Amino acid sequence: MSSKRSIFEEVSDGARAAAAQPGMIDRGRGGARGAIRAWLAVLFALVVAMIVVGGLTRLTDSGLSITEWRPVTGAIPPLSEADWQAEFDKYKQIDQWRLQNQWMELADFKSIYWWEWGHRQLGRVIGLVWALGFFGFLLARKIPAGWTGRLILPGVLGGVQGAVGAWMVASGITQGEGMTSVASYRLATHLGLAFVILGLLAWSILQLGRSERDLMQARRTKEARLFGLATGWLHLAFLQILIGALVAGLDAGRNYVDWPLMAGQVIPPDPLELSPLWRNFFENPGLVQFIHRIVGYLLLAYGVMVWLRGRRSAHAQTRFAFNAGFAALSLQVVLGIVTVLYAAPWQIAILHQLLAVGVFVLILRARFLCAYPIATSIRG
């Protein structure tokens with residue numbers, strides 16, 4: 001008995017047309033997108049925690065308490081009083097103790113040691129979480145097509161970050177050179193790379209939150225001009241973060257505690273006192289804080305322009321993303337002024353650094369939604 005036919009089906013003696021074959025996107029190995037996204041979200045949270053702990057390590061002047069770089073054996077802290085005394089004796093050999101911390105007893109040293117040890121230990125945890133996740137998904141063949149390289153990159157950069165951290169600490173482990181902290185250039189490099197890793201993780205998390213088909217379709221409605229503006233906004237925010245790291249490295253946030261002027265002047269006193277001239281832009285605390293303020297004003301002004309343009313987007317979620325990014329930036333500007341007026345106490349300073357993470361990620365999300373808009377339903 002022949003099968004039933006639809007009343008709209010064309011009648012013929014020929015064989016029925018073969019079912020449509022899936023396209024390249026449909027045939028691609030989907031992998032475990034949800035599980036990988038969750039794993040990257042854990043890494044993202046750990047990197048944010050690392051930035052906060054790193055900031056607290058700097059604010060408590062703890063970064064030079066461990067004078068040796070032992071990536072493996074350093075995971076074990078001192079276990080006996082003799083071990084603690086040996087570590088303290090090593091610390092007593094560097095300039096920070098001789099010039100700044102001779103008042104310290106062993107109990108005081110333990111306090112700063114634990115901060116630095118915790119910071120390094122968290123780095124080891126991040127490396128372990130990345131390795132277990134990546135190789136687990138790789139062996140299970142659950143990585144989506146085209147994603148292997150993208151998932152390797154955070155791990156490679158994490159390894160580089162560990163080396164940069166050692167390089168940074170080495171700049172402050174001096175004897176007779178007068179260094180009592182790490183070099184501000186190296187601190188800025190260390191923090192900048194942390195934000196690069198954070199940005200890569202955030203972008204991947206956003207991509208994995210949608211299917212390849214959805215992303216491919218969304219690219220057809222990319223808001224190219226707005227994407228370019230958001231890219232500039234993101235880069236300017238990143239530059240401001242690097243300058244903020246220079247301010248932190250020089251402890252420049254406590255030098256001038258008035259606003260909007262600096263010591264009653266528009267430009268701080270002696271802005272070009274160092275020689276050669278270029279050093280002032282990186283090593284003069286007054287000029288570096290002045291530059292941080294000026295770039296902050298530029299970032300806000302540019303943000304107003306981008307926000308007004310973003311509000312005209314045809315996509316509701318894109319508009320919301322720009323509203324969120326601008327709101328966070330406005331709050332960050334206010335918090336920056338408060339940080340100056342209160343001479344950068346550690347509680348406000350660390351909140352200022354954490355909010356910088358929020359501003360950076362929210363601007364990045366707005367940029368992502370320009371590249372991959374989410375269509376708004378006609379029904380609203």
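Using the three backbone atoms N, Cα and C, a Cβ is placed for every residue, glycine included.
Feature annotations, reproduced from Swiss-Prot:
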{"type": "BINDING", "residues": "His292, His352", "note": "heme binding site"}
{"type": "TRANSMEM", "residues": "36-56", "note": "transmembrane segment"}
{"type": "TRANSMEM", "residues": "125-145", "note": "transmembrane segment"}
{"type": "TRANSMEM", "residues": "151-171", "note": "transmembrane segment"}
{"type": "TRANSMEM", "residues": "187-207", "note": "transmembrane segment"}
{"type": "TRANSMEM", "residues": "227-247", "note": "transmembrane segment"}
{"type": "TRANSMEM", "residues": "287-307", "note": "transmembrane segment"}
{"type": "TRANSMEM", "residues": "320-340", "note": "transmembrane segment"}
{"type": "TRANSMEM", "residues": "344-364", "note": "transmembrane segment"}
### Message
Below 8 angstroms Cβ to Cβ, which residues of this chain, lying six or more residues outside the transmembrane segment (287-307), approach it?
### Response
226, 229-230, 232-233, 236-237, 239-240, 243-244, 246-247, 250, 252-253, 255-256, 262, 267-268, 271-272, 280-281, 322-323, 325-326, 329-330, 333, 336, 340
### Chain residues in Cβ proximity to the transmembrane segment (344-364) (below 8 Å; excluding those fewer than six residues from its ends, i.e. six or more beyond)
48, 51-52, 55-56, 59-60, 195, 198-199, 202-203, 230, 233-234, 237-238, 241, 244, 248, 253-254, 321, 324-325, 328-329, 331-332, 335-336, 338
### Query
Against which stretches of its own chain does the transmembrane segment (125-145) lie, if we need a Cβ under 8 Å and a gap of at least six residues from its ends?
28-33, 35-36, 39, 42-43, 46-47, 50, 151-152, 154-155, 158-159, 162, 212
### Query
Residues of the same chain, at least six outside the transmembrane segment (187-207), with any C-beta under 8 angstroms of its C-beta?
37, 40-41, 43-44, 47-48, 50-51, 54, 58, 150-151, 153-154, 157-158, 160-161, 164-165, 168, 215, 238, 241-243, 245-246, 248-249, 357, 360-361, 364-365, 368, 372
### Task
Count the Cβ atoms, other than its own, that fall within 10 Å of the Cβ of His352 (heme binding site), considering every protein chain shown.
20
### Query
His292 (heme binding site) has how many other Cβ neighbours within 10 Å of its own Cβ?
21
### Assigned element (helix, strand, coil) containing His292 (heme binding site), judged by DSSP
helix
### Task
With H, G and I counted as helix, E and B as strand and the rest as coil, say where DSSP puts His352 (heme binding site).
helix
